[in-house]
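Participant: The following feature annotations were taken from TrEMBL:
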| type | residues | note |
| --- | --- | --- |
| BINDING | Gly14, Thr15, Asn16 | N(1)-(5-phospho-beta-D-ribosyl)glycinamide binding site |
| BINDING | Arg72, Met97, Lys98, Ile99, Val100, Asn114 | (6R)-10-formyltetrahydrofolate binding site |
| ACT_SITE | His116 | active site, proton donor |
| SITE | Asp152 | site 'Raises pKa of active site His' |
Amino acid sequence: MPASRLVVLVSGSGTNLQALLDAIDAHPGGAEGFGAEVVAVGADRANIAGLERAEKAGIPTFVCPVKDYGSREEWDAALTEATDAHAPDLVVSAGFMKIVGKNFIDRFGGRFVNTHPALLPAFPGAHGVRDALAYGAKVTGCTVHFVDSGVDTGPIIAQGVVEIRDGEDEAALHERIKEVERQLLVDVVGRLARHGYRIEGRKVTIQ
Ligand code: GRF
């Protein structure tokens, strides 16, 4: 079977993207053995490490900053077309810090995966790590899920648990979550691509 085509969306350091690239590279069977290849990397801003990582790996990139468009809808339409131009089987939001719109979800719903640094449905939104700490939670973690029209509300594919240490700050906790998150994302994307999957209501089954 040919490798699934992945478009990865990033906004920052891109260590989750790098984990995917490294896992595909390190697989004895290459992209075909892993089941997926990254065919393009998109971002909502220029000059970020995530884009540099893609360029270094020789992967095409595109950038769609919200401020370049007259409205959020126009931005969403442009992001949808830029992503679709690479004919993805799966789109992976790996630290992409924008909420996409209806157009994007209509096009890629059911094949758009996000990783979130908390145990959903607890602590959705842009500050999942900070919010878990502020709440006094004792465990948190990360969630890989399909994206629907809500904010971090789509069907859950897999989760990883991280214990919160006394006195730990947001940066230290986020770093420990990201260690788990990178492995989880690589594992999930590989399994989705190799085995196929079903989404029934909120339940995701990898076949
Ligand atoms: C991840 O923790 C992701 O869940 C979050 O931002 C982080 C991205 O990290 N929303 P990186 O850019 O992949 O290093």
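Our numbering is plain: 1 for the first residue shown, then up by one each step along the chain.
Every residue gets a Cβ built from N, Cα and C, even glycine.
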Participant: Per DSSP, to which secondary structure element type does Arg72 ((6R)-10-formyltetrahydrofolate binding site) belong, with helix, strand and coil as the options?
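Facilitator: Where Arg72 ((6R)-10-formyltetrahydrofolate binding site) sits, the three-state DSSP reduction gives helix.
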Participant: Should Ile99 ((6R)-10-formyltetrahydrofolate binding site) be counted as helix, strand, or coil on the basis of DSSP?
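Facilitator: For Ile99 ((6R)-10-formyltetrahydrofolate binding site) - judged by DSSP and reduced to three states - the answer is coil.
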Participant: With the Cβ atom as the reference point and anything under 6 Å counting, tell me which of the binding-site residues (Gly14, Ile99, Val100) are near ligand 1.
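Facilitator: Correct list: Gly14.
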Participant: Do me a favour and check the Cα-Cα span between Gly14 (N(1)-(5-phospho-beta-D-ribosyl)glycinamide binding site) and Val100 ((6R)-10-formyltetrahydrofolate binding site); whole Å is fine.
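Facilitator: Rounded to the nearest whole number, the Cα-Cα distance is 19 Å.
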Participant: If you count Cβ atoms within 10 Å of each one, which of the recorded positions Arg72, Lys98, His116 comes out on top?
Facilitator: His116
Participant: Rounded to the nearest Å, what's the C-alpha distance separating Asn16 (N(1)-(5-phospho-beta-D-ribosyl)glycinamide binding site) and Ile99 ((6R)-10-formyltetrahydrofolate binding site)? Just drop the number here, would you?
Facilitator: 18
Participant: Counting Cβ atoms within 10 Å across all protein chains shown, which of the recorded positions Gly14, Thr15, Asn16, Met97, Asp152 comes out on top?
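Facilitator: It comes out as Asn16.
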Participant: Since the record lists Ile99, Val100, Asn114 as binding-site residues, which of them has the fewest other Cβ atoms within 10 Å of its Cβ?
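Facilitator: Candidates: the binding-site residues Ile99, Val100, Asn114. Fewest Cβ atoms within 10 Å: Ile99.
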Participant: Quick one: which residues besides Gly14, Thr15, Asn16 have a Cβ within 8 Å of the N(1)-(5-phospho-beta-D-ribosyl)glycinamide site's Cβ centroid, in sequence order?
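Facilitator: Same chain, not in Gly14, Thr15, Asn16, Cβ within 8 Å: Val10, Gly12, Ser13, Leu17, Gln18, Ala19, Gly50, Arg53, Ala94, Gly95, Lys178, Arg182.
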Participant: Using Cα coordinates, what distance in whole Å links Lys98 ((6R)-10-formyltetrahydrofolate binding site) and His116 (active site, proton donor)?
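Facilitator: Cα to Cα, Lys98 ((6R)-10-formyltetrahydrofolate binding site) and His116 (active site, proton donor) are separated by 12 Å.
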Participant: How big is the gap, in Å, between the Cα of Met97 ((6R)-10-formyltetrahydrofolate binding site) and that of the residue listed as 'active site, proton donor', rounded to a whole number?
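Facilitator: Between the alpha carbons of Met97 ((6R)-10-formyltetrahydrofolate binding site) and the residue listed as 'active site, proton donor' there are 10 Å.
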Participant: For the C-alpha pair, I'd like the distance in angstrom between Asn114 ((6R)-10-formyltetrahydrofolate binding site) and Asp152 (site 'Raises pKa of active site His'), rounded off.
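Facilitator: Cα of Asn114 ((6R)-10-formyltetrahydrofolate binding site) to Cα of Asp152 (site 'Raises pKa of active site His') measures 8 Å after rounding.
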Participant: Going by DSSP, is the residue listed as 'active site, proton donor' sitting in a helix, a strand, or coil?
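Facilitator: SS state of the residue listed as 'active site, proton donor' = strand.
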Participant: What's the CA-CA gap between Thr15 (N(1)-(5-phospho-beta-D-ribosyl)glycinamide binding site) and His116 (active site, proton donor) in angstrom, rounded?
Facilitator: 14
